[in-house]
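A.B. asks: Below are the features listed in TrEMBL for this protein:
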BINDING   Cys109, Cys112, Cys149, Cys152  Zn(2+) binding site
Amino acid sequence: MYNIKGFENEFHFHFNIRIYCGGINMSYNTRQRELILDYIKKNAKKHLTADDIADALKAEQVGKTTVYRYLEKLCEQNIVRKFILSEGKSACYQYNDEQQCHDHFHMKCLKCGRLFHLECDHLKDIAAHISKMHDFTIDSSRTVFYGICGECAKKTPTAKEKSDI
């Protein structure tokens, strides 16, 4: 039980302190938004869809519309990164932990839709070459290579296997 006169609970107290103190981002922050951000942070290594988040927080009465709207705000503030899976499909989101995602590329499987982190010194060399020789700096955290992952490649029959059928 939180016993400070005039405040319902600890969240309400801290929220009002932020408003009265000023200088801090004073955008409206609801319990639902805190739940969404906490869930994304706890799953920082995963690439989550808005549906994943809404389903996980359904018991907390967090609606899909709230999830979509807040994800867009988090993207605008560069707190969350958005990856488009493929045309006509939903996007996935990942907590923008600068240390985790800053210096590597991503790979997107066109079959299963999974997104993988790619740390490769050869790509760093290519990025350095492009920067030096072509006067263009690549943002590796936003660069995504599209193709077929090894797992899906094993499931897909080769042209020779198809002709044998």
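Numbering starts at 1 and runs along the chain as displayed.
Including glycine, each Cβ sits where the backbone N, Cα and C put it.
Caution: TrEMBL annotation is automatic and unverified by curators.
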A.B. asks: Beyond Cys109, Cys112, Cys149, Cys152, what residues of that chain have CB atoms within 8 A of the centre of the Zn(2+) site's CB atoms?
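C.D. replies: Everything else in range on the chain: Leu110, Lys111, Gly113, Arg114, Ile148, Gly150, Glu151, Ala153.
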A.B. asks: DSSP three-state call for Cys152 (Zn(2+) binding site): helix, strand or coil?
C.D. replies: helix
A.B. asks: Are there any residues at least 6 positions away along the chain from Cys149 (Zn(2+) binding site) with a Cβ closer than 8 Å to its Cβ? List them or say none.
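C.D. replies: In sequence order, Met107, Cys109, Lys111, Cys112, Arg114, Phe116 meet the Cβ cut-off.
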A.B. asks: Name, in the order they occur in the sequence, the residues of the same chain whose CB lies under 8 A from the CB of Cys152 (Zn(2+) binding site) and which sit 6 or more residues away.
C.D. replies: Cys109, Lys111, Cys112
A.B. asks: Among Cys109, Cys112, the binding-site residues in question, whose Cβ has the most other Cβ atoms within 10 Å in this structure?
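C.D. replies: Compared across Cys109, Cys112, the most Cβ atoms within 10 Å surround Cys109.
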